[in-house]
Amino acid sequence: MKALAARRHHRFAPVVLLLLALLVTGGVYAAFAPSPASADSASTEDIETGQKLFQANCATCHGPSAEGSDTVPSLVGVGAAAVDFQVSTGRMPMQMEGPQAIQKPRQFDEEQTAQLAAYVASLGAGPAIPTDEQVDAALGDPSNGAAVFRTNCAMCHNAVGAGGALSEGKFAPPLWDTSERNIYQAMQTGPQSMPVFNDMNVTPDEKRDVIAYLIEQREGSAGGLDLGSLGPVSEGLWVWIVGMGLLIGAAVWIGAKSS
Amino acid sequence: MSTSTAGPAEATADYLDQRTGIAGAVKEFARKVFPDHWSFLLGEIALYSFVVLILSGFFLTMFFVPSMGLIEYHGEPATMNGQLMSEAFASTLHTSFEVRGGLLMRQIHHWSALLFMAAIVTHMMRVFFTGAFRKPRELNWMVGFLLMILGLAAGFTGYSLPDDVLSGNGLRITDGVVKSIPIIGSYMSYFIFGGEFPGEDIIPRLFTLHILVVPGLILALVALHLFFVVLHKHTQYPGGGRTNANVVGFPLFPVYVAKAGGFFFVVFGVIAAMGATMAINNVWNYGPYDPSPVSAGAQPDWYMLFLEGSLRLMPGQTEYVIAGYTLSLNILIPAVVIPGLLFTFLAVYPFLEAAVTKDKREHHVLDRPRNVPVRTGLGVAFLTAFIILALAGSNDLIATHFHLSINAITWVFRVLLFVGPVIAFWITKRICLGLQRKDRELVLHGHETGRIVRFAHGEYIEVHRPLDDQERWLRVNYTAHAPLEIEPATDSRGVRRKGYKKDRRLQRLSRFFYEDRVEPVTPSEVAASHSHGEHDALGAADDTHAVESGSAVGGGSHIVSPDDTGSTTH
C-alpha cells in the first residue's frame, strides 16, 4: 500500500483512475442492462421494427398488412414459428418463382428474424418458436421417432430423411443439415407442400422423438459408406461402377496375352 | 503300379486312380485348351460370385429365423429398440449387430447377389453380340437364359426375407401383379400368401425357395452349363489360324488353373472389400414391415428395376370394370406382358436367327458384332429398352438429383420406350455397316501412311501400306448371309404349294435381317486392286519409295486414283 500511496501524485494517476472508472461503469451497465429482444418476449419496439422490415422486404408479395393474395398466402395466424422457419432457412424472401422456394443463405440475421417473427405473430395467434428443450434430441426416444417418422414422413422424405421427389418439380428436401428447431417448426407449420402435423396429430414429445431419430441418422451407417442412403438404385449403380468396373479391369489384365 | 519309392502324393493319386480310373479324366481336362480373351472371363465372375453367395449364405442361415411371429426387439440399434417386429426382422438385426462378422457377411451376400446378376447380364451380352449362341450352342443359351431367370428368382426371394418395409413393399407389388392376372389372379394370391396379404406364411415359404429350391436348380444348371462348354469346346474370336476345327489358347493345366483360380480370389476380394466398406440394404433404416408405410425412393434391386419402371410408366386409366370384375390392364401390361415380351425375345432369338439364316453349320469361331449388323442392332435396341425402363424406375431420384419435374421425366420415358429402341437399332446398324465398309476399304487399299510422294512428271500420290495377313484374315473371314430364297407359290402345274405363306413370312423376316449387307472382300477383288497397284508401280518405277516392290501376293501397294496413271505417265 505504501508504494501505491507514494505514487498517488504521479502524473498518470488521473488517467489510470479515469480508465478504471470507465471500466466499472461499463461493467455495471452490461450487467444490469435489459437483455436484447427475443421472440419469446417481444417488445412493442421489436414489433415496430419487424413491421418496417416486413414493409421493406415482404410486403411486395404478401401485401402491406400481410393479407396475401390469390397466389400468395396470407401470413395472418401463421405464427412466429413459420416466419422463423422460412426466414432462417433463407427460403423467404423468395429468390425467384419456381416449383417451390429454395433454401439459400439467410438474408436476415437472428435479431431481424426475431423482429419479423414478432410482427407476424402480432397479427394473429399461431404456433410459437419452440424452446430449446422441446427440440433437444438427447431427450427424445429415437426408437419411437423411427416409428413416427416411418408412418408420417418417410413417404416423402425417404426412410432416413435423404429427401424425395414430389410432383411437377417439387421435392421434399433432405434433412441431413436441417437444424433441430427447423425440423420442429416444419412439422408445426407445414411449409410449402408439407402437411401440418399439429400437436394433436404428432404430440410435442413425438416431434422431439422424430428429431432424435433424424439426429441419430447423421452418425452414418454401421455398414460403411452410406452411398447417399438412397436405397437399391445407388447400390445398383455402385455394383456396376466399382464391382464390374474392377473385375472387368482384372479380367482384361488376366486375359491379356501372357507373351 | 505303386512302389515304395513313390512319394505320398503319387501314392494317393495312384490309390485313387486304381479305384476310380480318374487319371484319364484328369489327363483329358488338364489338356483342355481355353482361348485367351478377357470377355471369356465374364461368366467366371458370375460363377465365382455364386460361390461367394453360397459361402456367405451358409453363414447367414445359421442365424436367420424364417418366421413371421411377432416379438418385441431389445438391442441395437437404438432406433429399433423396443419395437414390435417379426422374428425374421429381429434375427436380421441380431445378425447385423450382435453376431461377430454378421453385418459383413450380410453385406458380402447382398453385394455378391448384385454382382452375380450384373456378371450374368454382361456375359449374356458377350454371347449375344458375338453370336456364340449359334449351332451347336443354342441349348446352352437356353440353359444360360434359365440361369438368369433363376438368378432373378434367387434375388427376389432373398430380398424379401428380412421382412423390412422396403422388401415388404416389393412383396405387395408382387401380390398386386399376381392379382392382376385375369380370373385366377386372386386365387393365386391367396394360395401364395396363405390367405390375405401379407399373412404369416410367405417368409417361411420364400426361405425354403431361397435356400433350397432355387440354389439347387442353379447349381444343377451351372453344372449342365459348364458340361456343355466342355462338350462343345470353347468358342474363339476370329483371327489367323483359328478355325471351326481347332481352339487356339492355353491348356487348362497349368495356365488356366492358375488364371481362373487366381481370378476367384480377385472376385472374392473385390466383393469382400465392397462388403466391408460400402453399406447395402440397411434394413434397420426401413424398419419392420407393416403394410401401411412406404418410403420415398422405394425401389427393388437393380435387376428388377425395369419392372418397377414399367409399372411407373403405365398410365393408370387402363383399369376397367367389366360386369363387376376388374381387369387391371394398368398392372397386367407393364408387369406381365412387357417382361414377357422381353424375356421371350431373349429365349427364342437363337432359334429365330437360325430360321431366317437357314444355316445348319456348326460355328466355333465368333462373329465380330459389326459383321451381323441387324443382330447387333437388335441387341442394342433391347438394352436400350431395358435401360430406359430401369431409368424410369428411378425417375424420382433423377428428378431430385437433376432438379427436374418427375411428370416431365415420366412422359419423356413413355415416348422414349417406343422411339428409343428404334433409333438405337437404326444407329447401331448404320455404324456396323459403316465399319464393314471401312474394313473393305482397308483390305482393298491398305493403311494410309501419310507419306506423299511426287513423281518425276509432277503427280502426287499417297503411299498405302498393305495389311498383314492377320489383319486381312480378321476382315475378310466372315459370311454375309443373304435373304432366303423360297420356292414359288405354285408348282409347275399351277397347284398352290403348301407352306408357301409360312415361307413367305420367313422370307420377309430374313430380308429384314440380311437385305442391307456388306460382302467380305473376295480374293479376286484383292488381286484386282493389287494389279491396279502394280500398274502404278510400273509407272513410278523410278521412285523407289512409291512401292515396296517384290511382294507378289500381298505386297503391292495400292495407290490412290489409279485410273489416270496411264495417260500421265511419261
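Any Cβ shown, glycine's included, is placed from N, Cα and C.
Residues of the same chain lying 6 or more positions beyond the ends of the signal peptide (A:1-30) include none with a Cβ under 8 Å from any Cβ of it. As annotated by TrEMBL, signal peptide applies to A:1-30.
Under the heading domain 'Cytochrome c', TrEMBL lists A:45-124 (among others). Remark: secondary structure over the domain 'Cytochrome c' (A:45-124) totals 41 helix, 0 strand, 39 coil, with classes taken from DSSP.
Annotation comment: TrEMBL describes A:C58, A:C61, A:H62 as heme c 1 binding site. A:H62 (heme c 1 binding site) is surrounded by 21 other CB atoms, counting those within 10 A of its CB over all protein chains shown.
Summarising the annotation, TrEMBL assigns domain 'Cytochrome c' to A:140-218 (among others).
What TrEMBL lists as heme c 2 binding site is A:C153, A:C156, A:H157. Mapped onto three states, the DSSP output places A:H157 (heme c 2 binding site) in helix. All protein chains included, A:H157 (heme c 2 binding site) registers 24 other Cβ atoms within 10 Å of its own Cβ.
If one looks beyond the transmembrane segment (A:237-256) by at least 6 residues along the same chain, the residues whose Cβ comes under 8 Å of a Cβ in the stretch are 227. Residues annotated as transmembrane segment in TrEMBL: A:237-256.
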Candidates A:C58, A:C153: member of the binding-site residues with the richest Cβ shell (10 Å):
A:C153
Residues satisfying Cβ distance under 8 Å from A:C61 (heme c 1 binding site), sequence separation of at least 6:
A:S69, A:V72, A:M94
Quick one: Cα separation, A:C156 (heme c 2 binding site) versus A:C58 (heme c 1 binding site), in Å?
29
Write out which of the listed binding-site residues, namely A:C58, A:C61, A:H62, A:C153, lie with a C-beta under 8 A from a C-beta of chain B, sequence order kept, or 'none'.
none
Could you put numbers on the helix, strand and coil content of the domain 'Cytochrome c' (A:140-218), residue by residue per DSSP?
42 helix, 4 strand, 33 coil
When you measure from the Cβ of A:C156 (heme c 2 binding site), how many other Cβ atoms are you left with inside 10 Å?
20
Which are the residues of the chain, A:C58, A:C61, A:H62 excluded, whose CB is within 8 A of where the CB atoms of the heme c 1 site average out, their centroid?
A:F54, A:N57, A:A59, A:T60, A:G63, A:A66, A:G68, A:V72, A:L75, A:M92, A:P93
In whole Å, note down how far the CA of A:C58 (heme c 1 binding site) lies from the CA of A:H157 (heme c 2 binding site).
29
Roughly how many Å lie between the Cα atoms of A:C58 (heme c 1 binding site) and A:C153 (heme c 2 binding site), rounded to a whole value?
30
